Amino acid sequence: MATWRKQYVVARPVYSEDSFVEQQEKICRQRKTPWDHIKLYFTCDSKRVKNAALSLLPIIGWMKIYQVRKWLLGDVVSGISTGLVAIMQGLAFSLLAQLPPSYGLYTAFFPMLTYFFLGTSRHISVGSFPVLSLMVGQVVLRLVPGDGKPPANITGFEGLSEDHQRVLVASSLTFLMGIFQLAMGVLQVGFVVVYLSDTLVSGFTTAAAIHILVSQLKFVLGLNVLSVNGPLAIIDTLEKIFVQITSTNICDLVTSIVIMVVVFIVKELNDKYKAKLPVPIPIEVIVTIISCGISYGANFETRYNVTVVGKMVKGYESPMAPNLDVFRESAVEAFPIAIVGFAVAFSVAKVYSIKHNYTIDGNQELIAFGVSNIFGAAFRSFAASTALSRTAVQESSGGKTQIAGLISAMMAMVVTLALGFLLEPLPRSVLGALVIVNLKGMLMQVREIPYLWRRDKLDCVVWVGTCVGAILLGLDLGLAVGLGVELLTVVFRTQFPRCSVLANIPGTDMYRDHKDYMHIYEIKGVKIFRMPSPIFFANIEFFKDKLTEAVGFNPLRVLKKRNKALTKIKIHLKKSEHMTKCCFHIDWNADLPGNISIPRVDLHTLILDFSAVSFMDISAIKGLRTALKEYIRIEVDVYIVACDVYILEKLHSTMFFDEEIHTSMFFPTLHDAVLHVQEKRKDCKSGNHWVRKH
């Protein structure tokens, strides 16, 4: 059944770009110079000072509208719930960073204190994130390998225990990561995150989840496996685990399996009944408390040789300066860690800002995380970002602002100052099990592969390339591989776009690919060619090849054959009529004398649709100029339509126009050009096959 559509009728002249400019008066705008932008940037007035203060301290904005009666109770409940999760995740993720568990509580506390004032997101839970923890852990292992191996030659390691050396490396690396984030925020380059597409981040985090899973197997199985780092480290680790599999600690294994099954089931119930539950069941906290009690009562450490958390650091140590030697040794790894940490946090923050209708600022988020990581690193915390599961708890349990985040940080402080000793009997296998069960979301991203393959094969290549590269080569090199593959796909899309020949939808001014519709009208002798991509040095030859393919002949070859034929015709005329001078026009599609044969050209008009061409460089302009002249010289009229005004200005400034290529060849719309061609061809009369003038 046909759907009734509204009708519209527009009556106007057929415009070329020349006639449009003549009729429509254009405003001459004076563009600002770089110096004007610099002066404006450093101009200071009361309004700019106020805006700068609100920008640098977003807390001022949301505190002014804070509704105590409506929001405070929700923030308190959310802060307690999130704090419990943050404590457990801090302990667990510190193992990924190759640090004693108590330092995970530092990461749950210090970074949140500064983000509270500087962050623009009201819902993300700032703290440890498993992928960042693992990336930090790889650097820590490289510089302080342990297991009897000597550490790197770094000034400042003298007199420190192995744990303190690792803490120094992790905090210095985090400090440098914060410097990178702060610098990018100050320089307003928050846009750098756009180079990490959702597909790349998904493939990267899936690979990270596999690395995390493998790294936690030794805790789940109770094995003493030497940690390795570098390319193919995951294969080496799996080999070591399988060699020692017969030495598995049964108590650790049974405990881990029970923990994972229970936590998984309760998390599924939390998701299923989240609309009915006022607060998600804090199952991680519950199983941790129960495990601590059972381990202490049954004396797991002595009786079953179970590795426990052990001595917890009580209270906070004095601030510590970063180590410059660690800066030099870890600069290559610090930058991708900074990028990944910001990309994950920003993407999560964006989801909740859209849901709750407020804006976030990417550059301010960089500043906030940069300052938070610098401040936290001074107090021995490691890389902070956010975790989707923890943020989901903070939002779903009623959190409205970062007051909930501040309360969760206070809970971590209470545990650090007073209650940490209660966690000392906790088996490390429990923490490993909690890490693994929280990987479900990242591991399930594998299901995106069939979808991407059906929808966009190049995106699928990015996902698989990033994931495989990160699994085999390590997270730092894997991220570089993913970026390389992603940039290659961009080059491929722009260098080899899907060109098309357009035709008219009868009764409309719309034009579509002639291969896609059954009832479509192609004007005889007219080709409409469209290239949906910028035209630049790398794809100008592709453009010319595709254009040749679309019209069905090579204009340069036709021109050469016509010139040869013309020479023969002149010789024939001189012999037959004894003429020394003659001027004539030849119908090249007619039968020519003397058995002269040349390719037939049925095309009289070529229209180039530039509506999707966003820019052209000098090489492309030169190549286009050459191509147009080749068609013009074989008597094919060429028109360019819907050309961007700035491209037109560039064509004028580069001396594109001459006695053969005129501004009258440009039209504002495709339909204007087609109507002009039809009007022009209507008056054409067919003459002799070749006409001679004395």
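All positions are counted from 1 along the displayed chain.
Including glycine, each Cβ sits where the backbone N, Cα and C put it.
With a threshold of 8 Å between CB atoms, the same-chain residues lying at least 6 positions outside the transmembrane segment (72-97) that come near it are 103-108, 125, 127-130, 133-134, 136-137, 140, 170, 212, 215-216, 219, 278-280, 282, 284-285, 288, 309, 382-383, 387, 389-390, 393-395, 397-401, 403-412, 415, 423, 426, 428, 431-432, 434-435, 438. According to TrEMBL, the transmembrane segment annotation covers 72-97 (among others).
Look at TrEMBL and you will find 103-119 (among others) tagged as transmembrane segment. With a cut-off of 8 Å between Cβ atoms, the residues of this chain six or more beyond the transmembrane segment (103-119) that come close are 56-59, 83, 86-87, 89-94, 97, 126-128, 167, 170, 313, 316, 364-365, 367-369, 371-373, 375-376, 379-384, 402, 405-406, 408-409, 412-413, 415-416, 420.
Residues annotated as transmembrane segment in TrEMBL: 126-144 (among others).
The annotation transmembrane segment is assigned in TrEMBL to 175-196 (among others). Residues 322, 326-327, 330-331, 334-335, 337-343, 346, 361-378, 383, 483, 486 of the same chain lie 6+ residues outside the transmembrane segment (175-196) yet bring a C-beta within less than 8 angstroms of a C-beta in it.
The transmembrane segment feature in TrEMBL is assigned to 203-221 (among others).
Taken from TrEMBL, the feature transmembrane segment applies to 241-265 (among others).
Residues annotated as transmembrane segment in TrEMBL: 277-298 (among others).
A Cβ distance under 8 Å defines the sequence-distant neighbours of the transmembrane segment (334-354), meaning residues of its chain 6+ beyond its ends; these are 120-124, 126, 129, 131-132, 135-136, 173, 176-178, 180-181, 184, 190, 192-193, 196, 198, 201, 204-205, 327, 360, 362, 365-366, 369, 373, 383-386, 388, 391, 395, 475-476, 479-480. Marked as transmembrane segment by TrEMBL: 334-354 (among others).
If you look up TrEMBL, you'll see 366-383 (among others) marked as transmembrane segment. Long-range contacts of the transmembrane segment (366-383) within the same chain, counting only residues at least 6 positions beyond its ends with a Cβ under 8 Å from a Cβ of the stretch, are 56, 94, 97, 99, 103, 106-107, 109-115, 118-120, 126, 128-129, 132-133, 135-136, 167, 170-175, 177-186, 189-190, 316-317, 319-322, 337, 341-342, 345.
Residues or ranges marked as transmembrane segment by TrEMBL: 403-423 (among others).
Cβ atoms under 8 Å from those of the transmembrane segment (461-488) belong to residues 131, 134-135, 138, 195-197, 199-200, 202-204, 206-208, 210-211, 229-235, 332-333, 336, 339-340, 448-449, 452 of the same chain, restricted to positions at least 6 beyond its ends. Annotation comment: TrEMBL describes 461-488 (among others) as transmembrane segment.
Feature annotation from TrEMBL assigns domain 'STAS' to 516-677.
Counting Cβ pairs under 8 Å to the transmembrane segment (277-298), the stretch among 126-144, 203-221, 241-265, 403-423 with the most such contacts is 241-265. When Cβ-Cβ distances below 8 Å are used as the criterion, the transmembrane segment (203-221) is approached by residues 95-96, 130-131, 134-135, 137, 227, 234, 237-238, 241, 245, 248-249, 252-253, 256, 307, 340, 344, 428-429, 431-433, 435-436, 439, 442-443, 445-446, 462-471, 475, 478-479, 482 of the same chain, each at least six residues removed from its ends. For the domain 'STAS' (516-677), the model's average pLDDT works out to 87. Outside the transmembrane segment (126-144) by six or more residues, the chain places 86, 89-90, 93-94, 96-99, 104, 107-108, 111-112, 115, 119, 151-152, 154, 162, 165-166, 169-170, 173-174, 204-205, 208-209, 211-212, 215, 227-230, 326, 329-330, 333, 336-337, 340-341, 344-345, 369, 372, 382-387, 390, 405, 435, 438-439, 474-476 with a CB less than 8 A from a CB of the stretch.
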